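> So TrEMBL has the following annotated:
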type	residues	note
DOMAIN	44-187	domain 'Lactate/malate dehydrogenase N-terminal'
BINDING	49, 50, 51, 52, 53, 54, 55, 75, 136, 159, 160, 161, 270	NAD(+) binding site
BINDING	123, 129, 161, 195	substrate binding site
DOMAIN	189-352	domain 'Lactate/malate dehydrogenase C-terminal'
ACT_SITE	219	active site, proton acceptor
């Protein structure tokens, strides 16, 4: 049955001013129903920290993903403004809804299939990821408490730095709430892979899309370990090239912070990498076969409780964690350095919740 003129006007109004509707309404005009005619059903995705430097381009790119049917944008500032902006995009299969402040966190999270968290303060010149810890740790704890309450079965993509510590924080919050599923908590390290593919492609004279560099360990400094001996297509590097590329990949974030001279961090490339990873997660949730990516997860690859590894993504999240495979001498030395640093970062996150 075709909607009446009044209903069509109300739907149009909902897109222009989504705050006029309350979540949970049972009428035809729920946000989830304000969709383009013929739009295919997809997944419900929430972005927590949608008004920030990463969140805004991330929200725009997620709205373009045909696997997303409902997109909830949450922040403590200006999420309705971001919502109004991207709602004008003609990717009609996605409904955007803006949620503002702590009081609307539960509404933003209820019923979500995937939650992406870029929330927190960015790095500034001279800051390490550990400098961010005291602020971002509390933010991640609060958001994860909301997830545990409102969408305990959702897949969680955690971007907030320092990822080496915030993922353990999230795990402890979920354990306290009795809903922890290690397969559904993934620290997003895709930017390290994107950088590695790009930098290696430059050296080899290839299209980055044709290059695959596994990057394991963590998501900060020496914990970022590109396995250049396992690059596809197969190739070899001199010791000098290996040292240069490894350092370049490890310092990629710092290089951007310095280049922006206090005006921000790696926001655009991070948003791109986060959307690329989220798309892989959604394809896994859909049941696509052979979806493999690197992520910082609860694993038994090393003696550490968390480690970035190649994982197979499926309907249950990270359904399989792959072993490291053969390493050369340079990578074995790098692995030991990475593990020492990671152990401290992981314990810092665990202690934050248990103190």
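Positions of Cβ are set from backbone N, Cα and C atoms, glycine also.
No curator has checked TrEMBL annotations; they are predicted automatically.
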> Which residues, sitting 6 or more apart from residue 270 (NAD(+) binding site) on the same chain, put a CB under 8 Å from its CB?
54, 118, 159, 191
> Using CB atoms and a 10 A radius, I'd like the single residue among the binding-site residues 53, 55 with the highest neighbour count.
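Result of the Cβ crowding comparison: 55.
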> May I ask which of the recorded positions 161, 195, 219 is closest to residue 51 (NAD(+) binding site) if we compare their C-alpha atoms?
161
> Going by DSSP, how much of the domain 'Lactate/malate dehydrogenase N-terminal' (44-187) is helix, how much is strand and how much is coil, in residues?
65 helix, 30 strand, 49 coil
> Whole-number Å distance between the CA of residue 160 (NAD(+) binding site) and the CA of the residue listed as 'active site, proton acceptor'?
11
> Could you check which of the recorded positions (161, 195, 219) sits closest to residue 53 (NAD(+) binding site), going Cα to Cα?
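When the Cα distances are compared, 161 comes out closest.
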> Where the distance is taken from Cα to Cα, which of the recorded positions 161, 195, 219 turns out closest to residue 136 (NAD(+) binding site)?
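Smallest Cα separation from residue 136 (NAD(+) binding site) among 161, 195, 219: 161.
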> Just how many other Cβ atoms lie inside 10 Å of the Cβ on residue 219 (active site, proton acceptor)?
29
